[in-house]
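The structure appears right after this line, and notes come after that.
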Amino acid sequence: MTENAEATRMSTPPEGQPSTNHPASPAATAHTTHHGHEGTFVRPSDLLRPRTVSRPKAPPKPERPIDRDERTGLKAIRDFLRVRNCYEVLPLSFRLIELDVGLTVKESLNIMVQCNIVSAPLWDSTTSTYAGLLTVNDYLNVVRYYNLHADKLKDVDKLLLTDLKEVEKFLNVKPPETVSASPETVLYDALRKQLLSRARRIPLVSYDSDTQRTMVVSVITQYRILKFIAMNVKETEMLRKPLEMIKLGTYGNIVRCSMDTTVLDVIDEMVVKNISSVPVVTTEGVLLNVFEAVDVIEILKTGDYGNLTWTVGKALAARSPTHPGIYCCSLEDGLDTIFDTIRKSRVHRLMIVDENNYLKGVLSLGDILHYILVEGQEDAQS
Ligand code: ATP
């Protein structure tokens, strides 16, 4: 291509729009070339007239039944989320355990273990206000802090929940993003907001006009939302497209560990990569188990931070016998079967494996929610 021709291509007006270029300019040449009349003289009026002949468009491919069903299934879920509010996600009866920010980290751990919970809203009784969420990430930060500050370990039992902000600052980690919503917020709106923020939970905070105070009603998790969908939207059955086809989940650069990796190293990886689990594999890549961030709570409950030099194998062996185990699926599975599993069991993530149990990918609940809310949205808007 000559230099002139290159310039021509750059200045061609968009189809159907009049050009303001001079006829002798390269743009004019391009116009004629386009129609296969190379060398023909073009009058300015030709260029000003909107073109009537448009390039024939390829006829749209007929939609395959599997694509149509997927689209219908996703639409049904979104329509459902648009007519439900956050309050409706909560079960008929539930408990809320709120922790006062004046508690020590050790006390909070004991409560978490006793009540079998992995996160709790914080309450500042000096101001009678909601003070954020305590999650397992806070404990991971504490572990990393004492790992760098072994000299301070003797005072670990005195560490208060209010000190966690200092720990974050010291480690230079961003405070966790939280998106609270009022219980009346439309579920779809609350979820879109959550998606933008990368928060994993939504505390429902309501305002009491009598006392003029805010109070936390509950916290909704990704699992609870997906379970709510699984229980109420029959069209989840239509989401038959295999994971491989919809490219759902993470397949590249999966953070893995072996049974011999130390818990401390796994914690570092989870914090740095901002993930909540690490699959445990053999040297060949066969999936053996999954180390979860919540496993750290069990290990820390004795207050013995020395236990973190444990290997992953030892930590997994110390799990409660009632641990539900891990959930797996294959690349051929669609969200229909995955929703079926969510309907029946308390799933927090799925490991994607092949028929020989080789680890292929990780499917998190966040990945599923993102797909449900976002997939095909651009097409629908255009
Ligand atoms: P949570 O499980 O805490 O509710 P989540 O559903 O967002 O949150 P994460 O484990 O934090 O799940 O995963 C965040 C992203 O990282 C997801 O896209 C997930 O596929 C990916 N991911 C999860 N675990 C790993 C891992 N071990 N290696 C690489 N990527 C991972």
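Every residue, even glycine, has its Cβ placed from backbone N, Cα and C.
Whatever TrEMBL says is automated annotation, not expert-curated.
According to TrEMBL, the feature compositional bias 'Polar residues' maps to 1-11.
For 1-70, the entry in TrEMBL reads region 'Disordered'.
Among residues of the same chain six or more beyond the compositional bias 'Basic and acidic residues' (60-70), those with a C-beta under 8 A of the stretch's C-beta atoms are 238-241, 246. What TrEMBL records for 60-70 is compositional bias 'Basic and acidic residues'.
The domain 'CBS' annotation in TrEMBL covers 173-235 (among others).
Taken from TrEMBL, the feature domain 'CBS' applies to 245-309 (among others).
Marked as domain 'CBS' by TrEMBL: 322-380 (among others). The DSSP breakdown of the domain 'CBS' (322-380), given as helix, strand and coil counts, is 24 helix, 15 strand, 20 coil.
Note on the domain 'CBS' (245-309): mean pLDDT across this stretch is 92.
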